[in-house]
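Heads up: the structure comes next, in structure tokens.
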Amino acid sequence: MLTVKHLAKSYDGEKKSLTDVSFSVQPGEVTVIIGPSGAGKTTILRSINQLIRDDDGEILFDNTDIRQLNRAQLRQARCRIGMIFQNYNLIEPLTAIENVLHGCLGTKSNLAGIFSIYRNREKEEALKLLEKVGLAEFAYQQCRNLSGGQKQRVGIARALMQQPKIILCDEPIASLDPKSTITVMDILRDLATNDGISVLINLHQVDIARSYADHVIGINNGQVVFDDRIQALSDTAIASIYQKDANSEGSVVHEF
Amino acid sequence: MIKPENQISIPTRQPAGPRLSIPLRFRDRRRVTILMTLIVLAYITLATLPTMIPSHFKLGTALTSFAENIKIMFWQPHLANTTFITLLGALGQSILLAFLTTLIGSVLAFFFALASTRRLAPTYLVLGIQSLMAVIRAIPTVLWVLIYSVVFGLGANAAVVGITFHSVAYLTKVYADSMDELSPGIIETMQAMGLKKSAIIRQAIIPYMMPSYLSWTFIRFEINFADAIAVGAAAGAGGIGYQLFMSSSFYFNFHEVGVMVYMILAFALVLEIISYRLRTATN
Ligand SMILES: Nc1ncnc2c1ncn2[C@@H]1O[C@H](COP(=O)(O)OP(=O)(O)OP(=O)(O)O)[C@@H](O)[C@H]1O
Ligand SMILES: [Mg+2]
């Protein structure tokens with residue numbers, strides 16, 4: 001499904017943020033990336049849909065290297081890659097259903113985008129997805145009036161509207177209370193199990209990873225230091241993932 | 001979590017002598033420069049003021065005749081050389097001039113703003129367009145109308161083009177500023193979903209900038225109304241400004257000027273009410 005090989009990235013040309021990162025993600029599985037702050041988790045995730053241009057390596061998505069695509073091809077590939085953010089990034093003045101419908105605009109014409117023209121089938125789909133994330137009665141609410149947990153669920157519905165093969169989540173629960181955290185993680189788990197979508201999540205909470213992940217990738221100082229099933233994630237493995245590296249300033253051991 | 005370097009620390013550079021109080025900021029050169037400039041300007045003003053007043057000037061006479069004219073304007077307004085209907089038509093002309101220039105200006109400025117916001121445009125376009133607009137803005141509207149009257153002749157055409165010109169420069173700046181305020185993450189999110197640029201503009205940028213678009217456009221309408229009056233007098237563009245010019249400088253009839261001032265004030269009041277409504281509706 002998604003295979004990353006020898007990925008390398010440096011923002012300033014000197015300090016390497018990623019050195020030779022390789023891993024792969026299976027359909028129907030929740031894969032969690034953990035690692036100390038500044039390790040390179042966000043950099044990996046944003047390289048996958050090329051929001052940042054990496055320096056070297058291969059990112060095979062459906063057997064094509066996403067790094068080699070031209071602008072139009074990249075836009076098409078992005079239509080099938082969902083993304084979920086810590087701060088939701090919804091269009092707050094618009095309603096929940098309008099935000100969800102944005103998910104299908106990538107494959108539609110300029111005119112449809114400019115005049116918000118959607119087929120009835122698409123509107124029904126959007127309502128169905130809002131129902132799926134438990135927000136049916138909020139469809140016509142402005143997103144700025146929703147709570148954090150509700151916003152994140154609108155974000156998920158928007159990603160699902162893309163009919164994605166993979167969903168990338170950059171710390172999706174970092175701003176949420178414990179109850180919303182469970183709701184959001186349950187939905188993401190369900191998408192992998194029942195819809196066969198690959199879910200790739202950056203997390204800081206090891207306990208959440210334990211209860212939801214199939215596979216764990218540990219990153220430290222821009223390198224993969226752990227890549228195994230969740231069952232293999234022992235306390236010593238966690239300690240080595242989070243160990244302070246002399247070279248990586250600002251890395252922090254998270255306590256739970 | 002606060003890193004040690006982010007914690008508030010007391011400045012290590014202390015003023016000399018015994019420490020009586022902790023200063024809130026260091027003496028910086030900018031504040032000294034500003035103070036010096038103000039002192040110099042104040043001196044120049046005081047020194048040149050006497051030379052500006054003509055020798056035959058008598059303050060007492062001037063004040064009483066000023067009060068007399070004010071009284072004529074505001075307590076005894078009535079018409080002599082024109083009819084109320086004519087003036088109403090002239091006021092309508094000025095309003096339409098302001099409306100037309102604001103409308104054309106805001107549409108053009110919207111596209112210029114898209115081409116010069118840091119959120120969408122490359123740096124060379126941002127710098128290029130914004131500096132060009134700054135130059136256009138630096139020259140007053142009335143001057144632009146006079147410049148265009150070289151091409152079109154004095155009259156309404158030059159007024160429309162000149163006022164529009166300055167409106168575009170003004171609105172491009174404020175629209176682009178409000179687009180710049182949008183968080184880059186929002187646009188990135190839309191790009192990550194594979195949206196085309198047109199869809200991003202329509203679905204993300206416009207919803208966020210709509211309130212400021214409306215209020216800035218309205219402010220510009222008020223400015224254009226004032227400019228339309230001034231231009232009516234200065235460039236013969238017609239409207240209430242031209243009538244004002246005729247009554248005050250041609251007929252010397254301050255009773256009539258009073259009527260027109262009241263009409264303009266009434267319209268300004270209407271604008272104020274609309275803008276208040278607009279503000280409360282969009283917030
Ligand atoms: N835009 C940028 N410009 C320069 N350096 C950057 C940029 N973004 C990230 N970096 C650097 O790259 C490294 C990896 O950052 P990244 O954001 O991927 O870490 P992370 O694992 O997501 O951390 P966190 O858990 O705090 O989100 C860090 O050292 C960071 O300083
Ligand atoms: Mg991060």
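Note: Cβ is positioned from N, Cα and C throughout, glycine not excepted.
Small disclaimer: the values here were computed from a predicted structure and weren't measured.
Copied over from TrEMBL, here are the features:
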TRANSMEM  B:32-53  transmembrane segment
TRANSMEM  B:84-114  transmembrane segment
DOMAIN    B:91-275  domain 'ABC transmembrane type-1'
TRANSMEM  B:145-171  transmembrane segment
TRANSMEM  B:200-219  transmembrane segment
TRANSMEM  B:225-245  transmembrane segment
TRANSMEM  B:257-278  transmembrane segment
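Ranked by number of Cβ pairs under 8 Å to the transmembrane segment (B:225-245), the listed stretches B:32-53, B:84-114, B:145-171, B:257-278 are led by B:84-114. Within the chain, the transmembrane segment (B:84-114) has long-range Cβ neighbours (under 8 A, six or more residues past its boundaries) at 120-121, 129, 133, 156, 159-160, 163-164, 167-172, 175-176, 179, 201, 205, 213, 217, 220-221, 224-225, 227-229, 231-232, 237-243, 259-260, 263-264, 267. Within the chain, the transmembrane segment (B:200-219) has long-range Cβ neighbours (under 8 A, six or more residues past its boundaries) at 102, 106, 110, 114, 119-120, 171, 174-175, 178-179, 182, 186-187, 190-191, 271, 274-275, 278-279, 282-283.
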